[in-house]
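Student: Have a look at this one before I ask anything.
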Amino acid sequence: KMLNFYLLFIVLHVSEGESETLITAYTGKSVLLPCSCTDLQTTPDTFSWKKHNTISNTWENISSESDQYRNRVQLFNNLSPANLSLLISHLTEEDAGEYRCDDKYAEFTDIRLTVKGCDLENSGEILSITAHTGESVLLPCSCTDLNSSPDTFSWKKLNTISDRLEEISSESDQYRNRVQLFNNLSPANLSLLISHLTEENAGDYRCYVKKGEFTDIMLTVKAKITRQTSSTTPITASSPRPGATPNTLPPAEGSSPSQSFLIVLTVLLLPLGLGGLLYWRYRGQRQGQMESRDQKQQRREKDTQDQVAYSTIAHSNTTRQVTVTDTEENTEYATIRGN
């Protein structure tokens, strides 16, 4: 017995009294708690993994059959007898604490495991986002440490009628084939993508992680404004009264090309016709004025030929002088009377 005890004492990697090993891991990931024999050819009779219960201050055996660790723990001694390490998968923050690898002779290795969870960006804040109907919007939510991921998380929307937060599900009629998550590609990315927005999607959303942290987002959805390329005038049809003559509707916009051509031709020729008419009237008036001027000139020349030119007479007491005026070919004598 003393020999067996001595052999077990030397095969354990860490003996009682040495400092514990510190290991840090992240939620959602896996961690390997190391424990092995120094001599790889040696196998301990029995060994166990225990975790310290801080409430009862006792060491409790870890079992793959327990609810906390079912399908999450794995040993490797069946492949390598000297390898006593423990693998824990899908870590949660509750997995943090002190672990001990020991045997029945009180030889042990202590490990302190720290499990970091997801600390949300903008935790406790309210973000405002505006989008338009028919478009897509990304509601941002992520962990501050990109290596971490929450145990669980959910997106919820406030029901203003019941004043309760209701979980958003891709299986619901309202969001089927319209919502998408990205944590399967990047575990720290908890953002929610909503496609084909409607005005009913407006409201208050919350990204919630298990430990109570959350980010609130207030989404405003506005109707998308579309520019109309053409406008049409609505026509209201009414039945004519008995005996009344139906009104003839004016030709609608977009009439035949021949009608449009005639209208344009009429508009172009109308100024030319008016200009020709004004020019014709002006020319007629001008010719009449010229004929009237010629006739007056001819009458003036005829009157000049028939005129009788008179001489100018100067009266004096001493001498009476007669002045005769010669008017071209015809000469006439003036009768002079004395005083």
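Glycine is treated like the rest: Cβ placed from N, Cα and C.
Keep in mind that TrEMBL annotations are predicted by a computer and have not been checked by a curator.
TrEMBL feature annotations, pasted as is:
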- 1-17: signal peptide (SIGNAL)
- 28-101: domain 'Ig-like' (DOMAIN)
- 134-226: domain 'Ig-like' (DOMAIN)
- 229-242: compositional bias 'Low complexity' (COMPBIAS)
- 229-256: region 'Disordered' (REGION)
- 261-280: transmembrane segment (TRANSMEM)
- 288-307: region 'Disordered' (REGION)
- 291-305: compositional bias 'Basic and acidic residues' (COMPBIAS)
Student: What residues in the same chain, six or more past the boundaries of the transmembrane segment (261-280), come closer than 8 Å to it by Cβ-Cβ distance?
Tutor: none
Student: Can you break down the domain 'Ig-like' (28-101) into helix, strand and coil residue counts using DSSP?
Tutor: 3 helix, 28 strand, 43 coil
Student: Taking helix as H, G and I and strand as E and B in DSSP, count the residues of the domain 'Ig-like' (134-226) in helix, strand and coil.
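Tutor: Helix (H, G, I), strand (E, B), coil: 3 helix, 39 strand, 51 coil.
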